[in-house]
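Annotated features, as they stand in Swiss-Prot:
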type	residues	note
ACT_SITE	130	active site, acyl-thioester intermediate
BINDING	161, 162, 163, 164, 165, 166, 167, 168, 169, 272	NAD(+) binding site
């Protein structure tokens, strides 16, 4: 079966984990890994796998995109450089999947709104953040039952799983995640908190979701909705688990989650990498299937859609 060729920008924790997942895909074929440090572990690993690499940043990739047939590019760098990366990639007629909190394109949280992106012709979609991918499905599970006045999420991740790019983007992480809690999760007001835990041995990713419903919560309907959403997320992140909840206290609905990774790059405690990279791969596969069917024709654009 024909596969759609992909490039990855950013050979850090997220990019390296994503590369492992793309290599198992039936419709995606990673052919380039782009970095800025020739000595980086991620570039070395990619080279060993037979992937083409450049340490000249996105400018080292652009001249080769057409010849190598690259149609989908993943950006796992930093929010600060994403807009420029996206502009250059879109000009080449390739779709950009943004794993930074830049959020210049529409948010995509697969179990909630992936189908809404089908046929919309976007050239840039944003995967929110790892905390967003873990928690927004649960906010949406409550808000599809009844209106949510306020949604608050707390993502706790191990220090070892948080690379320099993510650390530089903490403010963007909280802003972007809070925005997506509203736009995708359906809460009228959203708030996001990230906790980076330095404990050794490293702790598994844990997430807490609190929703305040406008009226008294329909406990049976919300519980059923949460369990249905849990099953949807587990289709692409098998280590996504409901630890407790939904717990009801007045109008507050609380859900407690943990996310175990597949251990593709970092060990299984780094579920935050897995949920982000699995969601990005799932999204890219949907676009790739559309391209292969001839239903999506990518057009060069001057700016991201």
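Any Cβ shown, glycine's included, is placed from N, Cα and C.
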Least crowded of the binding-site residues 161, 169, counting other Cβ atoms within 10 Å of each Cβ, is 169
Measuring Cα to Cα across 161, 162, 163, 164, 165, 166, 167, 168, 169, 272, which the record gives as the NAD(+) binders, how far apart are the two most distant ones in Å? 17
How many other Cβ atoms are found within 10 Å of the Cβ atom of residue 163 (NAD(+) binding site), counting all protein chains shown? 18
Helix, strand or coil: which one is residue 169 (NAD(+) binding site) in, per DSSP? coil
Across all protein chains in the structure, which of the binding-site residues 165, 167 has the highest Cβ count within 10 Å? 165
Between residue 165 (NAD(+) binding site) and residue 130 (active site, acyl-thioester intermediate), the C-alpha gap once rounded to whole angstrom: 13
Between residue 130 (active site, acyl-thioester intermediate) and residue 163 (NAD(+) binding site), find the distance joining the two CA atoms and give it rounded to the nearest Å. 13
For residue 130 (active site, acyl-thioester intermediate), what is the tally of other C-beta atoms lying within 10 angstroms of its C-beta? 30
